[in-house]
Amino acid sequence: MSQRKFAGLRDNFNLLGEKNKILVANRGEIPIRIFRTAHELSMQTVAIYSHEDRLSTHKQKADEAYVIGEVGQYTPVGAYLAIDEIISIAQKHQVDFIHPGYGFLSENSEFADKVVKAGITWIGPPAEVIDSVGDKVSARNLAAKANVPTVPGTPGPIETVEEALDFVNEYGYPVIIKAAFGGGGRGMRVVREGDDVADAFQRATSEARTAFGNGTCFVERFLDKPKHIEVQLLADNHGNVVHLFERDCSVQRRHQKVVEVAPAKTLPREVRDAILTDAVKLAKECGYRNAGTAEFLVDNQNRHYFIEINPRIQVEHTITEEITGIDIVAAQIQIAAGASLPQLGLFQDKITTRGFAIQCRITTEDPAKNFQPDTGRIEVYRSAGGNGVRLDGGNAYAGTIISPHYDSMLVKCSCSGSTYEIVRRKMIRALIEFRIRGVKTNIPFLLTLLTNPVFIEGTYWTTFIDDTPQLFQMVSSQNRAQKLLHYLADVAVNGSSIKGQIGLPKLKSNPSVPHLHDAQGNVINVTKSAPPSGWRQVLLEKGPAEFARQVRQFNGTLLMDTTWRDAHQSLLATRVRTHDLATIAPTTAHALAGRFALECWGGATFDVAMRFLHEDPWERLRKLRSLVPNIPFQMLLRGANGVAYSSLPDNAIDHFVKQAKDNGVDIFRVFDALNDLEQLKVGVDAVKKAGGVVEATVCFSGDMLQPGKKYNLDYYLEIAEKIVQMGTHILGIKDMAGTMKPAAAKLLIGSLRAKYPDLPIHVHTHDSAGTAVASMTACALAGADVVDVAINSMSGLTSQPSINALLASLEGNIDTGINVEHVRELDAYWAEMRLLYSCFEADLKGPDPEVYQHEIPGGQLTNLLFQAQQLGLGEQWAETKRAYREANYLLGDIVKVTPTSKVVGDLAQFMVSNKLTSDDVRRLANSLDFPDSVMDFFEGLIGQPYGGFPEPFRSDVLRNKRRKLTCRPGLELEPFDLEKIREDLQNRFGDVDECDVASYNMYPRVYEDFQKMRETYGDLSVLPTRSFLSPLETDEEIEVVIEQGKTLIIKLQAVGDLNKKTGEREVYFDLNGEMRKIRVADRSQKVETVTKSKADMHDPLHIGAPMAGVIVEVKVHKGSLIKKGQPVAVLSAMKMEMIISSPSDGQVKEVFVSDGENVDSSDLLVLLEDQVPVETKA
């Protein structure tokens, strides 16, 4: 049985006879559009393509395809302007028709003439008609003959700047310099009063010459806020002309249409009729043939002015087809073949419109960066569809590489329906349905535009986009799935990059959430039933003062659980993620409903969340708060430091605390690392202003009972007295190193209870020495109202004492209000969690009684051990602990808690790594380069230590390099300009809130890095922890809930071989049943590649390429003195030119590019030196 080709089926409906081979002299979506109609007409189709377009879709849609010239013979654009080469291809392959599409040679009369002379049928108006209307100046003369109104302009083309200036002098500003040939917004420049006419003229002519091969321009009066209305025309070879009604093309940017509507929604009937009549009149006057478009402007008084006739098919012809049902391309081809309009059934009185249609051009442009065209590889492409949705696309599919050589349009989306509003909503739906990943698109902008009240009313004008900055307040596509895949792919290739991780988690599955049981043994449904009321309800109903009073009146000792903060800080390097806290949160809300509080925020957890876990600490707080509404949340606040490591302006602390209170923190444990009361008061006052519970805290240090100790009972009672005078709700005692022995606990708490019988006392310790259970038992028996504990599996060593051990110690003496069975059920979860985070465990085997000598805080002990191992000092751990003790005394025997503990630790490691004794340090102090933290301490930036700074050691260390502060550091700091910070963050990172401002104030660089990480990988907190910390195994499937009701099913399919040229591997995933491919650089491989330096777009001395393209002209050289706004280079990209200007005054230090060089987006072009240019005389 013989095999028939699909193409042979066309012979059954051949309409054009033997002449049926058509070549489209164009690229992208328009050849595809034409090929489809040609195939319907049983024609054979031929595509042409440049070397750069050899993978383009239009080449594949044709029956035959031929490259234009040899490799390197033409530029990417120049290939499609090579008239003789294109005609030669047509002749060689027996082409009968040539369709020019739009752009390129579509309005070139020379091309039309040569096509006809070559014996090929030209689909379009003849050359003489193109000359009479395609040239905008000739078209004005035509309008005068037809008595159709036009906008005042030069009578003919101009060749010099002086002619442009003469027109400006006669008619005034504003004017527009326009290319006499072509369209699409290229070769156009609006010049307003004060603008540089000469520069605009030069750019317009240069751009026109590049785009259309002809730089001729003319000047005309520029109308403010007009509508742009165009009429679709069809004319045959027998003098018949019809119009297919109008399109409203007023929504434009850079004179290039963005959204088109047919018919015009708000055009009065009499104006529409006059425009349609004039359009037909113009076509008949010039003897027009084939398809064309008459374009008009309509001013605010509904006066219309003829602009030009475009002698070609338009990009937006699709929406006219949708409302009339007429295939314009089919009409073009058949008219060129000799058919008359009547033969095609096209009578004016029979042509009607039905409903409305809207077209949106989806481009790879970034609206947030002034519509900068984006380049790169499309990773994901999923298009819209359904009733009333038409797509006309070109190179739009997964894997497409978007180059800088051609127009940035991916696809035209046209929607049609019975009313304007129905179509608008349909278009919104269609745009939302698109999924395009890997390159930026203008879809977020289009959605904002379609929902703007002006667009809804249909009253837009040609500069509507430029005049409406609200359009740029866009809701961006989140691209969550693709970003997560990039992270998982990176981990699959390179492993985890989380600092501090050693090896992989020991737990190979997700921890199981335990079931709680009520008194009757029934399982409690913690997700459906509200948790029991707790102490937070008392706080919310009665306020901080009454809350504190009721805590004091409680008949027993309350417990605060530190598992969510200090416990994992002390044992697991603060690495426990929001995902795992949120998983157990509903269960915790039921199990620990009677708990005084959960310590869950602040301190090191704040910056570690951003710095290492790539999470937003505010999102963690809000999420946990929503899941645990009944138990108070407590945070750690470092007085005048907030959660930073040094003092900040007072207004930054006030601002931060307010955000913390508003987002869920109830109790603020406020401390100062030196017990500096002036520093402490800043935090206390901030909490009072915010309406939180103040737990002003005394930091405990050393062995209080040892004779001669600096920090004795009298010292603590004196500090406590001053804290009480500040008006604290609760008095906190913070034993950071766990050096409070049971006897000291009994004495101190007993003394405080006797002195302050009505004040709640809250004690915190660490179990580093193994005595914490005994110490906290002593505190409780001595009258402490609250003591800190941790879940059993997260207790002991450098963490807090075990809750069950403490309950056993207090049993029969003091009530805690805790359900022991519920605690055991919770503990099962945390036992598994400990295994999940085993890769962050410190190598501590048991208690360290030496803590009474070195006094290293519990949270720091594990971190210091890790740092020592990272610095190669792990084998010298005993020496490090000894050095820590010596460093403490060098600094004056200070209270050690973040950030002062870091100062001691840095100095200790400095001593060990440089093999220095304390005597060496004292002797060489005036010549050693100490760590910055030590310098900050001695300058006084952390505060004033009890007993003062040690002299002359302080002076030797500072060596007049730094001042000696004697007052509170915050008094020396200027208040932050919060409004300016907010505005700067908004400009850099988009949608920000007050919490972002607070994060930036605390940790500017960390916040910036976090935002960059989130932009790259999205919200990583949704990933299961095993997948976050370790590579997926092949065929392993995980579920990722990105929001309620949206779950991603991700399976790793394979990791590809190394591409030795690029150093990349391809990682294949199955995402919700759809294959995704991610390219990842293998960082274990060294690949020699030539890369250009990238500009820091926030550095005014860096001038970078705003988009990928070709440098047309470099206007400066090394040593040039330039001013802000002065052009430094001209870039050609996406068939348009733009001037790159200097963002600041300066002198050119280096130029990194030359004329004709290709550049990528953000490539560093020019580097400036910070020097004000010298004024020169003319």
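Backbone N, Cα and C atoms are what each Cβ position is placed from, and that goes for glycine too.
Between the candidates ASP566, ASP929, ASP932, Swiss-Prot assigns the divalent metal cation site shared with LYS734, HIS764, HIS766 to ASP566.
Binding of substrate is annotated in Swiss-Prot for ARG565, ASP566, ALA567, HIS568, GLN569, ARG638; the matching candidate from THR318, THR898, THR900 at the same site is THR898. Within the set of binding-site residues (GLU220, ASP566), the lowest number of other Cβ atoms found within 10 Å of a Cβ is recorded at GLU220. For ARG312 (active site) paired with THR898 (substrate binding site), the C-alpha to C-alpha distance reads 73 Å. In terms of C-alpha distance, the listed binding-site residues ASP566, ALA567, HIS568 place ASP566 closest to LYS734 (divalent metal cation binding site).
Its own atom aside, the Cβ of HIS766 (divalent metal cation binding site) has 32 Cβ atoms within 10 angstroms in the protein chains shown. In this structure the alpha carbons, written CA, of ALA567 (substrate binding site) and HIS766 (divalent metal cation binding site) are 9 Å apart. Distance noted between the C-alpha atoms of ARG638 (substrate binding site) and GLU220 (ATP binding site) is 67 Å. Along the domain 'ATP-grasp' (140-337), the predicted structure has mean pLDDT 90. For HIS568 (substrate binding site), the same-chain residues that are 6 or more apart in sequence and have a Cβ closer than 8 Å to its Cβ are THR574, ARG575, VAL576, MET794, TYR837. Cβ atoms within 8 Å of the centroid of the Cβ atoms of ASP566, LYS734, HIS764, HIS766 (the divalent metal cation site) belong to the same-chain residues THR562, ASP735, MET736, THR765, ASP788, GLN800, GLY858, GLY859, site residues excluded. Working note on the binding-site residues GLN569, THR898: by count of other C-beta atoms within 10 Å of each C-beta, GLN569 ranks first.
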